[in-house]
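Since the structure comes first, as structure tokens, the remarks are kept for the end.
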């Protein structure tokens with residue numbers, strides 16, 4: 001059933017680039033020097049984003065974890081533990097775009113199955129966890145993303161695409177394939193989590209003070 | 001003290017204790033898996049649930065601090081149901097493969113499922129399986145059996161100081177692993193087998209060999225290093241099957257080094273099981289009678305001062321005593337128990353002991369290591385230093401070393417130089433660490449054999465001693481000047497005076513034709529090629545190691561598992577070992593061999609029972625009657641050491657006493673398991689010291 005973690009093809013080396021170094025300095029400044037191990041999660045995320053920038057696949061190779069362990073003076077296994085615990089850290093290479101479909105109850109009730117199907121259809125992926133043949137997309141099943149009022153949610157990398165359905169999903173994937181990133185937010189005529197088509201309550205602007213009835 | 005009421009019984013426990021400790025103090029048994037007295041509290045198995053009055057739900061007692069007047073109930077229906085439920089969950093993914101599991105019969109999960117479980121399972125679904133890990137030649141893994149108690153993770157991180165194991169992934173997929181497949185680099189990895197409450201980590205060398213209830217269990221003392229680890233030898237059918245540690249807080253707590261645990265397969269290989277006599281340049285099998293007669297003939301007409309005896313590292317005190325008496329009877333003062341030629345002040349007991357005692361490490365607040373790598377020379381003692389480092393808090397336990405350690409010591413160390421020259425700067429106070437030692441309340445100096453087996457050993461010794469005096473390491477109630485021995489027999493030898501007498505030759509002088517007849521009592525670890533070609537060599541020992549090949553007469557002795565013996569550890573603690581099995585073939589207990597031979601040469605030794613030889617030992621040194629341990633003489637300031645002659649200090653770097661931890665004596669050299677370890681770990685002991 002479950003199996004041991006299988007190491008992916010690992011790059012030879014990893015070093016933080018200038019942009020990452022700047023971010024690291026900001027992060028490290030938040031912790032006392034003796035407790036800098038607390039910075040492990042931000043640093044892992046910085047490493048993951050840098051890999052995304054550099055290779056088009058936002059994941060954390062072992063060499064990056066070792067580099068972080070060394071920098072934060074902690075045992076390498078402690079970094080591996082953190083990286084493997086959190087699902088938002090990718091320990092395997094992923095596609096250019098990380099499609100994360102929320103399938104928790106509210107999203108599921110609102111049609112996350114359709115979104116999943118559309119993703120699979122548009123990318124040729126057959127099941128969760130896979131990467132498409134062209135290496136552009138990885139489809140992941142995620143738990144509640146905390147945006148239930150805009151269910152169903154499709155998270156692409158860091159952006160939430162909300163109120164999705166089959167057609168909007170396919171359109172989004174087609175756009176991503178073309179190299180454009182549509183603005184995140186609701187796919188329907190809606191502002192944030194306000195009602196569809198505009199406001200439904202508090203339509204009047206400041207009216208007369210309601211009289212107090214006894 | 002805090003008063004807690006456990007099941008109606010009031011008990012007083014120290015503040016800060018956990019509810020579990022309070023229950024134990026009240027004599028209540030609390031089932032547990034993840035909780036271990038010597039590790040940090042994890043609280044993740046939930047087996048130790050108890051009811052605390054006025055608490056809304058059962059609490060995990062291992063991590064629940066006591067409060068005054070707290071009432072704990074350990075045997076209510078709520079508690080029983082909670083335990084049954086926890087046990088049911090633990091067993092969900094545990095394979096019920098007890099019949100083929102090595103832990104069967106001594107398994108916490110088995111016992112507690114029997115005691116606290118339901119007896120039936122409602123679980124119908126598929127169980128998860130986890131890939132086994134390769135943790136090296138000593139620890140076998142069956143990871144599907146793991147219940148994620150994380151004891152092993154905490155052990156490697158906290159006690160062993162080699163944070164290599166971890167729990168990766170989460171939930172259903174959580175597993176214990178090294179992440180990147182690699183062998184554990186700890187010299188204490190065998191203890192993982194003991195602390196694992198299930199059969200996930202078991203002993204690789206003894207896999208599928210025997211059941212725990214089949215063993216005949218004998219208390220004994222480990223001889224692989226000078227710590228004197230208390231062990232239990234478990235034998236079946238005349239064969240030592242395994243060795244496990246016994247608890248002794250003053251010595252080894254409950255840990256045992258890998259060499260002590262896994263060298264046992266060396267006890268069956270390369271054994272000397274009958275006497276040999278060299279005739280016309282070739283060794284021939286002989287009977288005891290023939291061996292004794294030919295040896296007695298050879299000794300005829302040899303003056304006493306042309307006979308010498310050198311004792312090895314694994315001897316029991318009884319054989320040392322008998323050999324000393326025999327040599328005295330033969331008129332020889334050429335006896336030495338220091339085959340490595342170490343120099344100590346032997347005029348007083350505290351001149352060669354680990355004076356602060358091993359438990360004294362817990363009180364020390366600064367440490368200077370001189371020419372020693374305790375991680376290899378005494379792994380259990382090194383774990384104690386690490387424990388002190390962890391307990392004292394960040395930067396509160398400064399450790400410095402003279403001599404570059406050959407491996408990571410598992411705690412931060414400041415290297416003051418690679419040779420003894422740093423002692424000068426410490427003595428004149430010009431180095432900052434001198435102030436650290438001076439300001440410490442209980443400074444500790446450990447001098448190892450890397451420093452004591454050099455030509456300038458005496459200068460180093462006296463300089464280290466002066467430094468100890470200068471920084472107040474030898475004050476009332478505290479003696480922080482310590483010698484770390486590597487040989488299990490050494491302190492007993494020194495206590496018995498197994499040293500050159502008046503005009504006697506020391507070990508090195510007996511070589512190069514210094515004597516005509518050289519009696520080696522298990523001595524293999526010295527440059528054998530320096531024995532003169534004309535010297536007649538008697539080898540008394542249990543293994544056909546290097547010296548046996550050079551011998552002219554071989555007298556087969558008993559290994560430490562095969563004889564009742566007395567050993568004195570580096571801290572001067574006299575400890576008794578019992579016989580677990582009988583020696584192979586015609587091999588005999590060593591002191592009996594010497595006693596029998598004394599009759600052949602007409603100098604019959606005046607004892608022929610174990611008690612007799614022990615009475616003689618007590619005569620030589622009363623310490624053998626009183627039991628040693630923390631005696632008052634270790635606390636006295638010493639005399640008999642000259643002022644250091646600093647100009648005698650040479651600049652040569654300290655060399656490591658132990659080149660290969662897994663191959664240090666005849667037994668471990670004969671062990672295939674240790675050879676395999678040496679192959680795997682030989683290259684580098686690179687580990688991260690952190691946390």
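Glycine too: its Cβ is placed from the backbone N, Cα and C atoms.
Caution: TrEMBL annotation is automatic and unverified by curators.
Under the heading [2Fe-2S] cluster binding site, TrEMBL lists A:102, A:107, A:144, A:148. Marked as region 'Disordered' by TrEMBL: A:177-214.
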Legend entry - Secondary structure at residue A:148 ([2Fe-2S] cluster binding site), reduced by DSSP to three states: helix
Legend entry - residue A:144 ([2Fe-2S] cluster binding site) CB neighbourhood, other CB atoms within 10 A: 14
Legend entry - binding-site residues: A:102, A:107, A:148 - member with fewest neighbouring CB atoms within 10 Å: A:148
Legend entry - Extra residues within 8 Å (Cβ to Cβ centroid of A:102, A:107, A:144, A:148), [2Fe-2S] cluster: A:103, A:104, A:105, A:106, A:108, A:112, A:143, A:145, A:146, A:147, A:151, A:152, A:153
Legend entry - residue A:102 ([2Fe-2S] cluster binding site): secondary structure state under DSSP, collapsed to three categories: strand
Legend entry - Three-class DSSP secondary structure - residue A:107 ([2Fe-2S] cluster binding site): helix
